[in-house]
Amino acid sequence: MNIAFIAHDRKKDEMVNFVTAYEHVFEGHNLYSTGTTGLRIMEQTNLNIHRFMSGPLGGDQQIGALVAQNEMDLIIFLRDPLMAQPHEPDIIALLRLCDVQGIPVATNVATGELLVRALQRGDFAWRELVHKYKPGEA
Ligand SMILES: O=C(CO)COP(=O)(O)O
């Protein structure tokens with residue numbers, strides 16, 4: 001599965017702890033992140049993550065481009081609900097595209113845990129069908 005990690009600054013420690021706890025689950029998947037989030041996770045784990053630009057510089061939009069193509073299977077996006085972000089429109093756009101494509105997205109650790117356990121159980125197998133039959137393809 002293609003999985004993306006994104007965390008705002010005051011949520012980065014929480015993200016690192018979360019990914020570390022489930023490192024054994026994530027290690028078998030293709031991992032993506034915004035710039036600084038991915039750096040922090042890679043410093044603390046043995047995971048290999050494809051890092052896009054930092055969020056304020058367009059990283060959310062880069063991940064959004066994969067979502068638009070229905071190529072992202074799961075997004076863990078730990079947003080900071082108590083601090084305004086300069087790139088708020090990019091954040092809203094990414095979440096909107098997740099809803100357009102029906103992509104599972106967790107915006108807090110509690111939901112993240114549920115989705116990761118579902119991933120472990122094989123509940124994401126339907127995404128393989130999505131990858132197989134992309135819109136516009138025969
Ligand atoms: O701002 C972000 C998401 O909106 C996260 O970006 P960084 O991972 O580069 O800090």
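The backbone N, Cα and C atoms fix where each Cβ goes, and this holds for glycine too.
Fair warning: this is a prediction, and the values are worked out from it, not measured in the lab.
Site annotation (TrEMBL): substrate is bound by His8, Lys12, Thr34, Gly35, Thr36, Thr37, Ser54, Gly55, and the candidate from His87, His131 recorded at this site is His87. Under DSSP, Thr36 (substrate binding site) is assigned to a helix (H, G or I) in the three-state scheme.
Counting residues per DSSP class in helix, strand and coil order gives 74 helix, 20 strand, 44 coil for the domain 'MGS-like' (1-138). Taken together, the residues in the domain 'MGS-like' (1-138) have a mean pLDDT of 96 on the 0 to 100 scale. Taking only the Cα positions, the spacing between His8 (substrate binding site) and Asp60 (active site, proton donor/acceptor) is 11 angstrom.
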